[in-house]
Amino acid sequence: MSTFRQAVQEYIEMRRGLGFKLRETERGLIDFAAFLEANDTPHITTELALAWAQRPSRAQPSHWATRLGYVRVFARYRAAADPRTQIPPSGLLPFRPKRARPYLYSKEDIQRLLSAALEMPCRYTRCKLRPWTYYCLFGLLSVSGLRLGEARNLKLADVDFDAAVLTIRGTKFGKSRLVPMHASTCAVLRDYLKRRRQHCAAQAASPYLFTSQLGNRLDVGDIHRTFYALSRQIGLRGATDSHGPRLHDMRHVFATNTLVRWYEAEQDPERLLPILSTYLGHVHVADTQWYLTGSPELMKEAMRRLERRWEDRT
């Protein structure tokens, strides 16, 4: 293994020790190492970093910017050991990512989605649990603020009914956290597990909470396809729409509803925001602030509080 490739591996291991997963980063930097070797250059130069980042030439600018970002961050690390390293300056491949505008689900939207899940047809005996699986999965996402991957990866051992707590492991940033459950959520999950034991008695018990009719962990593609089909069925998406409400938007709604309740209870949202950030599994409070944009209820409560402050001063 070349010295540069070894440096890449050491860098990845160091960052993973801090909780980052870096799967795409690792693939990108290994490819960049091969690119440097092909150009007979043992150290990073801005010129070669740009040349590598802009491959393939038909890719989107966002792809180029992401690739250059991998190299820039690694170059800062590498410069400590190799003073010949050039750190590509920021702004060489400017790109401002456009976040999808979140859909603010109403209570009625969620109720119709869950009802449609329970009404999904079952052709075979072994798939009779499927409606209940998606009813519970979508319901849990709507009341917990979990990421889809976190809910999908839940294991039976992660559900503590006595303490009314979920243990979320292997999260986006590699950290575990505890998420409390409401009594009604516990009741629904208990009922689901009872039905699961009845319908899957002949199968080997899966360690995962949400399983397919074959007893495996739910496939993420099937989850999205099911959600899209149900969304079109209840009118959240048009029959031919390729874009529309997403499952991740439930997380946004959970965060905004939490802040609205704080406003209505006359609590200080700025002081409590770090608590919500920890609950959601964010590393930085700024990551949580994104979820708190675009809500009419939030704007109304913020304006109400601002008007009261002005009244108190006059």
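Every residue gets a Cβ built from N, Cα and C, even glycine.
Reduced to three states, the DSSP call for ARG147 (active site) is coil. Per Swiss-Prot, active site is recorded for ARG147 (among others), and the stated evidence type is sequence analysis.
Residues or ranges marked as active site by Swiss-Prot on the basis of sequence analysis: LYS172 (among others).
Cβ environment of HIS248 (active site): PRO102, ARG147, LEU148 lie under 8 Å away, each six or more residues apart in the same chain. According to DSSP, HIS248 (active site) is assigned to coil rather than to any helix or strand. The active site annotation in Swiss-Prot covers HIS248 (among others) and is backed by sequence analysis.
Swiss-Prot lists ARG251 (among others) with the feature active site, giving sequence analysis as the kind of evidence.
Marked as active site by Swiss-Prot: HIS282 (among others). In the three-state DSSP reading, HIS282 (active site) counts as coil.
The annotation active site, O-(3'-phospho-DNA)-tyrosine intermediate is assigned in Swiss-Prot to TYR291.
Among the features that Swiss-Prot reports, domain 'Core-binding (CB)' is placed at 2-79.
According to Swiss-Prot, the feature domain 'Tyr recombinase' maps to 100-304.
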| query | Can you count the other CB atoms that lie within 10 A of the CB of ARG251 (active site)? | reply | 21
| remark: HIS282 (active site) sits from ARG251 (active site) (Cα to Cα, rounded, in Å) at a distance of 12
| field | Local Cβ density at HIS282 (active site) - other Cβ atoms counted within 10 Å | value | 20
